[in-house]
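Before any comments, here is the structure.
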Amino acid sequence: MTRAFNFSAGPATLPESVLRQAQAEMVEWNGVGASIVEISHRSADFMAVAAAAEADLRSLLSIPDDYAVLFTAGGATTIQALLPLNFAAPGQAADYVITGHWGKTAIKQAATYVDARIAADAQADGFVDIPAAASWTLSPHSAYVHITANETIHGVEFRDTPDVGTLPLFADFSSSIASEPLDISRYGLIYAGAQKNLGPVGISVVIVRRDLLERAGQPRADIFNYASQVARDSMLNTPPTWNWYLLGLTVKWMLEQGGVQEFARRNAEKAALVYGAIDGSGGFYRNLIKPAVRSRMNIPFFLPDERLDALFVSESKAAGLLALKGHKAVGGIRASLYNAMPVAGAQALAAFMHDFQQRHG
């Protein structure tokens, strides 16, 4: 059966070669006589898998030596709840910049444990732009400043790293990590759920400057303590080994493809194809986001009549283009163009959009 182009926002498409390798190794892996999902996480075999995944991720993202890398169970929402526990002292404030749905989720999770303050909020303008960093209201003694690098639902993306002075900048990179070069030294911490650009759902990556791990934070169990997790190489308890293995295969694939420089080129080409179809449609398709902050990863757009949405989704599915229905919070159509989406997928979508407009415009 031919694989379709899957535009799902997450869990998202994975490289076919990675899936084929995982399929081939599922029953018996690496000559050990058992599946990768059956061997101990503390065995020499799996420890080698974990070490290779970290080494490859460090190479892919050019992670400085003074940053620790954690592989954690669960997703980004879990991390959002743990950030104040690990990095904010009791009674200390943390600043949040709200540029879409996931920024709102981040501050909601944090507010249970910290004085979570809104430094800037783009909701009044419909989340179509990102407030300039110079306009943010930052607390001088804030534990950190949190941003969402790319908003998957509203389709806005920070195209430059904001300057927050000496405050640690924390960022959710779940949907844009490894999509282009990133100067990690500008951040105190970045994190990402794997299920968009790094692998399958169920595992996340936290990259944190080591000196921040010395903060006392708030009383918490060892399992929620990032310093303890770093000391135990992300194996304080049994990790999601299958997910970790798949993440490692995906990261290695990205390196073999040419690394983040190559994916930046591909992602720019894919985004230009879809935005070109929107902007060249004479208003039949509409994207509401200011051009300077348009996401390259997630492109929401709207048709002239919402009654056409279901027809667009059904016809596109029949054409081998999957998961184009927009998020329920905003409606419309959404195309997610993560690293594993080939340029051919964006070409096919742009061609379908032109054909659909010719028939229904």
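Every residue, even glycine, has its Cβ placed from backbone N, Cα and C.
In the three-state DSSP scheme, R42 (L-glutamate binding site) is classed as coil. Annotation source Swiss-Prot lists L-glutamate binding site at R42.
Residues or ranges marked as pyridoxal 5'-phosphate binding site by Swiss-Prot on the basis of sequence analysis: A76, T77, W102, T152, D172, Q195, N237, T238. Residue environment of Q195 (pyridoxal 5'-phosphate binding site) contains 25 other Cβ atoms, counted within 10 Å of its Cβ in all protein chains.
Taken from Swiss-Prot, the feature N6-(pyridoxal phosphate)lysine applies to K196, supported by sequence analysis. Other Cβ atoms within 10 Å of the Cβ of K196 (N6-(pyridoxal phosphate)lysine) number 30 in total over all chains. DSSP classifies K196 (N6-(pyridoxal phosphate)lysine) as coil under the three-state reduction.
Between W102 (pyridoxal 5'-phosphate binding site) and R42 (L-glutamate binding site), the C-alpha separation comes to 35 Å. Comparing the binding-site residues R42, A76, W102, N237, T238 by how many other C-beta atoms lie within 10 angstroms of each C-beta, the top residue is A76. Distance noted between the C-alpha atoms of T77 (pyridoxal 5'-phosphate binding site) and K196 (N6-(pyridoxal phosphate)lysine) is 14 Å. In terms of local Cβ density within 10 Å, T152 ranks first among the binding-site residues T77, T152.
A straight line from the CA of D172 (pyridoxal 5'-phosphate binding site) to the CA of K196 (N6-(pyridoxal phosphate)lysine) spans 12 Å.
Look at T77 (pyridoxal 5'-phosphate binding site): DSSP puts it in a helix.
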